[in-house]
Amino acid sequence: MSLSVVILAAGKGTRMCSELPKVLHKIADKPMVQHVIDTVKSIGADSIHLIYGHGGQQLQEKISDGSLNWIKQAEQLGTGHAMQIALPHFKNDEKILMVYGDVPLLSEKTLTDLIAAQPPGGIGLLTVELDNPTGYGRIERMNGEVAGIVEQKDATVAQLSIKEVNTGILVADANDLSRWLPALSNENAAGEYYITDIIKMAHLEGRIISAVQPESATEVEGVNTRLQLANLERAYQLKKATELLLSGVMLRDPNRFDLRGTLTCGVDVEIDINVIIQGNVNLGNGVVIGANCILIDCDIAENAVIQANSIIEGSSIGARATIGPFARIRPQSVLKEEVHVGNFVEIKKSTLGNGTKCGHLSYIGDSTLGQRVNIGAGTITCNYDGVNKFHTHIGDDVFIGSDCQLIAPVTINNGATTGAGSTIMIDVPENALAIGRAKQRNINNWKRPTKK
């Protein structure tokens with residue numbers, strides 16, 4: 001039997017105090033609803049129906065997924081109403097899984113367990129035990145079997161004491177839903193159509209409702225406020241940090257680590273505090289990442305050391321290289337083995353050959369540097385004329401003196417040296433010394449102006 005998933009994502013999210021639709025607020029730099037979409041895809045959903053309402057245009061612009069079937073809920077009249085408008089899109093011979101776009105941490109395992117637990121002709125229901133169940137629908141049982149769900153607004157004092165609550169996530173057969181959904185009523189305190197009412201309908205028909213619980217209550221927590229969003233962000237990050245620690249990565253403090261993408265690590269990797277990982281990052285064996293670094297879509301080879309407060313984006317760092325502190329490596333840069341880039345150096349769209357050093361206070365952009373090059377402090381590649389970018393080529397074993405300006409396009413050939421303070425505008429031959437600076441002039445008996 002095929003599986004269709006309905007994601008409820010029509011809520012406005014008033015308590016978020018934001019113009020952004022609630023489900024577009026992010027966990028780990030990814031919209032909550034995208035987390036849900038990715039999870040249901042991972043369990044093999046054959047079709048995904050996304051119920052949208054508030055901010056529908058924004059939602060469709062941000063979630064550009066051609067595999068989704070978008071269904072508009074013009075009026076938000078409850079979860080049952082959302083499923084009623086989705087009903088015409090169901091096939092009779094498929095299972096229907098209903099989830100929420102603002103419950104981002106739901107795991108693949110929990111959903112797989114829920115689907116497997118659904119009895120023939122019955123309902124699989126995800127529930128959770130909470131010490132403080134305020135606000136949730138309570139699970140009513142008869143002789144141990146799930147018999148119904150009563151919402152907080154409609155519950156009696158006795159029912160309010162029940163700790164087992166409904167998460168709102170369930171799976172049922174489409175042919176049964178086609179009978180139950182049209183029979184829903186809005187005669188309740190909220191005047192809404194509750195999907196939970198189908199539980200009682202199924203029970204009255206003698207159908208079995210099988211309840212499954214997640215490994216962690218955090219999985220089924222929804223987001224209505226920014227505080228709840230922040231709490232789930234921390235829960236997500238701590239889970240990822242725990243996975244890394246158990247795999248052998250040394251995190252100095254798992255509470256001060258942010259993974260906002262995918263991280264692959266070799267053995268004996270060390271990561272200090274306040275490191276942020278974005279996109280796809282690969283760290284080789286023995287890599288050390290200092291405090292406060294940001295790594296974005298980069299590859300760092302074995303035994304490289306990235307010192308504190310450095311940013312590396314869209315680049316590759318070779319084995320045994322040392323970067324930072326306070327270095328910035330911008331996209332499309334390739335730093336090969338044993339390269340050293342020191343403090344307050346920016347590298348952009350450049351290649352640095354094996355053993356090349358750029359110690360401090362320099363900008364290298366749109367450049368190719370050979371092996372064993374030394375870049376003196378304060379060196380700038382002047383690559384932009386206000387319209388176009390130009391390339392600088394520096395050969396092997398070149399020594400660039402401090403405070404040089406290299407006016408691109410220019411080539412400095414193997415073994416050449418530039419004198420400190422030079423402005424290099426023409427190509428430099430192999431093994432030549434290039435000096436491009438004004439002759440020093442001394443004015444004797446000079447007196448500085450004095451303040452009056």
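Quick reminder: no glycine exception, Cβ is built from N, Cα and C everywhere.
Values in this document were obtained by computation on a predicted structure and should not be read as measured data.
So that you can see what the record holds, here are the features copied from Swiss-Prot:
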{"type": "ACT_SITE", "residues": "His360", "note": "active site, proton acceptor"}
{"type": "BINDING", "residues": "8-11, Lys22, Gln73, 78-79, 100-102, Gly137, Glu151, Asn166, Asn224, Arg330, Lys348, Tyr363, Asn374", "note": "UDP-N-acetyl-alpha-D-glucosamine binding site"}
{"type": "BINDING", "residues": "Asp102, Asn224", "note": "Mg(2+) binding site"}
{"type": "BINDING", "residues": "Ala377, Asn383, Tyr384, Ser402, Ala420, Arg437", "note": "acetyl-CoA binding site"}
{"type": "REGION", "residues": "1-226", "note": "region 'Pyrophosphorylase'"}
{"type": "REGION", "residues": "227-247", "note": "region 'Linker'"}
{"type": "REGION", "residues": "248-452", "note": "region 'N-acetyltransferase'"}
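If you compare Cα positions, His360 (active site, proton acceptor) sits closest to Ala377 out of the binding-site residues Asn374, Ala377, Asn383, Ala420, Arg437. In the structure shown, the C-beta of Leu8 has more C-beta neighbours within 10 angstroms than that of any other entry among the binding-site residues Leu8, Ala377, Ala420. The CA atom of Ser402 (acetyl-CoA binding site) is located 61 Å away from the CA atom of Leu8 (UDP-N-acetyl-alpha-D-glucosamine binding site). You'll find the Cα of Asn383 (acetyl-CoA binding site) roughly 51 Å from the Cα of Leu8 (UDP-N-acetyl-alpha-D-glucosamine binding site).
Listed in sequence order, the residues of the same chain lying 6 or more apart from Gly11 (UDP-N-acetyl-alpha-D-glucosamine binding site) and placing their CB within less than 8 Å of its CB are Lys22, Val23, Gly53, His54, Gln76, Asp102.
In this structure, the binding-site residues under consideration are Asp102, Glu151, and the one with the smallest number of other Cβ atoms within 10 Å of its Cβ is Glu151.
Within the same chain, residues at least six positions away from Gly101 (UDP-N-acetyl-alpha-D-glucosamine binding site) with a Cβ under 8 Å of its Cβ are Ile7, Leu8, Ala9, Lys22, Val23, Met32, Val33, Val36, Leu50. Sequence-distant contacts of Tyr384 (acetyl-CoA binding site), defined as residues of its own chain at least six apart whose C-beta falls under 8 angstroms from its C-beta, comprise Gly365, Phe390. For the binding-site residues Asn224, Asn374, Asn383, the largest tally of other C-beta atoms within 10 A is found at Asn383.
Helix, strand and coil content of the region 'Linker' (227-247), in residues and according to DSSP, is 20 helix, 0 strand, 1 coil.
Listed in sequence order, the residues of the same chain lying 6 or more apart from Arg437 (acetyl-CoA binding site) and placing their CB within less than 8 Å of its CB are Gly419, Gly421, Ser422, Thr423. The CA atom of Asn374 (UDP-N-acetyl-alpha-D-glucosamine binding site) is located 55 Å away from the CA atom of Asn224 (Mg(2+) binding site). Cα spacing between Ala420 (acetyl-CoA binding site) and Gly78 (UDP-N-acetyl-alpha-D-glucosamine binding site): 73 Å, rounded to the nearest whole number.
In the three-state DSSP classification, Ala420 (acetyl-CoA binding site) falls within coil.
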